[in-house]
Amino acid sequence: MRPIILASASPRRQELLKNLGLEFEVQVSDVDENLEENISSGQLVEKLAERKAAAVALIRTQGLVIGADTIVVLGDKPLGKPTNREEAVQMLSNLQGKSHEVFTGLAVIDASTGQRVVTHQVTEVNFKTLTKDQIERYVDTGEPMDKAGGYAVQGLASIFIDSIRGCYFSVVGLPISKLADALRMFGVEIV
């Protein structure tokens, strides 16, 4: 069987692949995640996921390389990962009591042929109304700092989520159903 390579350092993505029983290696892609193009959120996460997977596929001679990228979008404003405490508090203050969308791009590239599948998933997340004190206590845990939108749906922030419409796993960072479809196109069956 061809090796599967995850082009991500995300412990959450690694855990999701482990839960599927997939044997995989991790090789982090060191790519510029800034795109200056005026494109839709779906196109943005697809391009970034593909860029990450392609960078690793250039190094590897064989295997299936998985790249992913997640952004949170409130209204028409994309929210990346907060860079400091104040930014995390501001993001969560803006998200609380509202609905937002989470876009996760997925790219699977066959390193030996260059054949690729690139797609994305959109999920709607509804946050409860939060107090300033709740937000600050959550930010003080440190959990928001490496997460798009400043929260971890699978962590402590789960108590802030009123509802999710779409793919929970996509909010965590990897649209599992779409990944299974992409791997199947390359002859890899999960079950």
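From the backbone N, Cα and C atoms, a Cβ is placed for every residue, glycine too.
Features as listed in Swiss-Prot:
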ACT_SITE  Asp69  active site, proton acceptor
SITE      Arg12  site 'Important for substrate specificity'
SITE      Thr70  site 'Important for substrate specificity'
SITE      Gln154  site 'Important for substrate specificity'
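Swiss-Prot feature annotations superimposed on the structure.
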residue	record	DSSP class
Arg12	site 'Important for substrate specificity'	helix
Asp69	active site, proton acceptor	strand
Gln154	site 'Important for substrate specificity'	coil
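A sphere of 10 angstroms centred on the C-beta of Asp69 (active site, proton acceptor) encloses 25 other C-beta atoms. Note: Gln154 (site 'Important for substrate specificity') has non-local neighbours Arg12, Val172, i.e. same-chain residues 6+ apart with C-beta under 8 A of its own C-beta.
Of all the recorded sites given, namely Arg12, Thr70, the one with the smallest number of surrounding CB atoms inside 10 A is Arg12.
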